[in-house]
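**Student:** Okay, handing you the structure first.
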Amino acid sequence: MDGGGVETGTTAAWMEKHRQMYERATRHPFTVSIRDGTVDMSAFKRWLSQDYLFVREFVAFIASVLLKCCKQEDSSDMEIILGGVASISDEISWFKNEATRWGADLASVSPLKANLEYHRFLQSFTEPEVSYVVAVTAFWIIETVYQDSFGFCIQDGNKTPPELLGTCQRWGNAGFRQYCQSLHSIVDRCLANAPADAVKSAEEAFIRVLELEIGFWEMSSSQS
């Protein structure tokens with residue numbers, strides 16, 4: 001996943017076990033078409049509008065992760081989680097500016113089915129019975145799928161259209177990659193100390209995120 005040697009731990013086992021699904025999420029034809037320079041721009045604009053709606057919903061999700069973090073005996077993860085909170089305002093502004101550039105009217109956009117499913121999933125984490133380890137696992141893999149997907153679009157040999165390089169660099173840059181690795185370390189540490197039922201729930205959240213990410217790319221491609 002990060003290209004930095006051999007990974008060990010629970011998440012490494014999940015990555016191996018669910019490798020095919022992870023690759024479907026991070027090497028989806030939609031994002032591969034960006035790298036290949038063959039992307040349908042109407043599909044890109046659909047993704048842009050729908051992801052704006054997703055990010056607005058994501059605010060409450062990150063807040064719920066932060067709240068659960070604060071209730072831990074060791075809340076040392078707080079500064080890293082806060083980094084995600086701090087970046088959201090800038091991200092929403094970025095989407096608005098990009099929408100203007102691409103002529104997308106965000107005020108008239110409604111979430112499509114796959115987006116609504118993702119919203120419901122995010123909303124479920126506000127429930128107090130959802131543990132911190134499950135919530136931070138979901139947070140980590142959501143961010144990692146985007147980092148890996150868009151990072152691929154700026155790797156050597158890409159034919160990404162110049163007008164889309166800014167988008168790809170937003171999530172594909174080294175700084176965001178490092179942030180995802182920091183979240184990854186939190187997740188592995190939490191899983192190592194979690195009871196078996198929490199580990200099982202975290203793996204289920206991991207799988208569900210991959211399913212929803214695949215669905216989101218499909219929605220962007222097909223408007224379903």
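Using N, Cα and C of the backbone, Cβ positions are placed for all residues, glycine too.
TrEMBL: automatically predicted annotations, no manual curation.
Per TrEMBL, the features are:
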| type | residues | note |
| --- | --- | --- |
| ACT_SITE | GLU213 | active site, proton donor |
| BINDING | ASP51, GLU91, GLU143 | substrate binding site |
| DOMAIN | 17-221 | domain 'Thiaminase-2/PQQC' |
**Student:** Measuring CB to CB from GLU143 (substrate binding site), give everything in the same chain under 8 Å that is also at least six residues away in sequence.
**Tutor:** GLY84, PHE176, TYR179, CYS180, LEU183
**Student:** Find, among the recorded positions listed as ASP51, GLU91, GLU213, the one whose Cβ has the highest number of other Cβ atoms within 10 Å in the structure shown.
**Tutor:** GLU213
**Student:** Quick check: with ASP51, GLU91, GLU143 left out, which same-chain residues have Cβ atoms within 8 Å of the centroid of the substrate site Cβ atoms?
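**Tutor:** Output for this site, in sequence order: PHE54, VAL55, PHE58, TYR146, TRP171.
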**Student:** How far is it from ASP51 (substrate binding site) to GLU213 (active site, proton donor), counting Cα to Cα, in Å?
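**Tutor:** Just about 11 Å between their Cα atoms.
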**Student:** Express in Å, rounded to the nearest integer, the largest CA to CA distance found among the substrate-binding residues ASP51, GLU91, GLU143 named in the record.
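**Tutor:** Across ASP51, GLU91, GLU143, the widest Cα separation comes out at 13 Å.
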**Student:** Cα-Cα separation of GLU91 (substrate binding site) and the residue listed as 'active site, proton donor', in Å?
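**Tutor:** Distance (Cα to Cα, whole Å): 19 Å.
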